[in-house]
Amino acid sequence: MKGKLLKGVLSFGIGLGVLYGGSSVQADTSTDQNNTLKVMTHNVYMLSTNLYPNWGQSQRADLIGAADYIKNQDVVILNEVFDNSASDRLLGNLKKEYPNQTAVLGRSNGNEWDKTLGSYSSSTPEDGGVAIVSKWPIVEKIQYVFAKGCGPDNLSNKGFVYTKIKKNDRFVHVIGTHLQAEDSMCGKTSPASVRTNQLKEIQDFIKNKNIPNDEYVLFGGDMNVNKINAENNSDSEYASMFKTLHASIPSYTGHTATWDATTNSIAKYNFPDSPAEYLDYIIASKDHANPSFIENKVLQPKSPQWTVTSWLKKYTYDDYSDHYPVAATISMK
């Protein structure tokens, strides 16, 4: 964010000019920073090592924690921090940069949360895999578990994390979520219909929270709603997402997809022939303070190479996750 006194009246005047000029620039910079919020979301692909032991979860927890791309944000939303050990390691690695953190959604309903709402169950095999870390104090933390999922998602406490964050003299409300996955194991249940209901649960929560309309409300995470080929279709699930959340469409920059098997080594190994998808977003509520500008930029950071061994064969990758991070810049009025 990131003088010396001179002899004589003229020199003294010049010195004052320099001094006050520097203070003005400093004040302007401080004002700009106070009116800008930087929020990132990243699905970090930390599946449980009990089921998926060979995806370098602990290695990547260290690589992500040391990576430049995740630094210098105000708030970071993490998705798929399912593996207990790797997620604890990642959160620990991020603690210096982001000392204010939530627990992982759905892992427990203890006093690390101000409230636990929705359909939390301690008997559900997997947690919800969402956590939020912040540079600024988090003054309220609520976890909410969705009423319904389909396919394997039924075996996790998926939902959303709500945080009320105080940046200097203003409050910002950030919801991090990971919606229902597209899954053939859902049978006759449409994953899109489940996602719509989950979005309605988020919107109902916000409505009932009675947040002052001059405060900013942001939604972020892996929505599992594909923007590609849907932007100009008013009947698309993409359009419906914004309508349901009463959210404004951001400006998009950077890479054209957040999951891309043509450019990402992990995605390529898993699904080499699948088309690219844009699934991860940071968007703002239109029912509350409206940002003068919000941009979603897809980054493509490459990680140092990391290697795993499976059945005596070595596999080497150079990505932090199968998803790319999305960095949002929000200009607040």
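Positions of Cβ are set from backbone N, Cα and C atoms, glycine also.
Straight from Swiss-Prot, the features:
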type: DISULFID; residues: Cys150-Cys186; note: disulfide bond
type: SIGNAL; residues: 1-27; note: signal peptide
Three-state secondary structure, Cys150 (disulfide bond) (per DSSP): coil
Three-state secondary structure, Cys186 (disulfide bond) (per DSSP): helix
Number of Cβ atoms other than its own within 10 Å, given for Cys186 (disulfide bond): 20
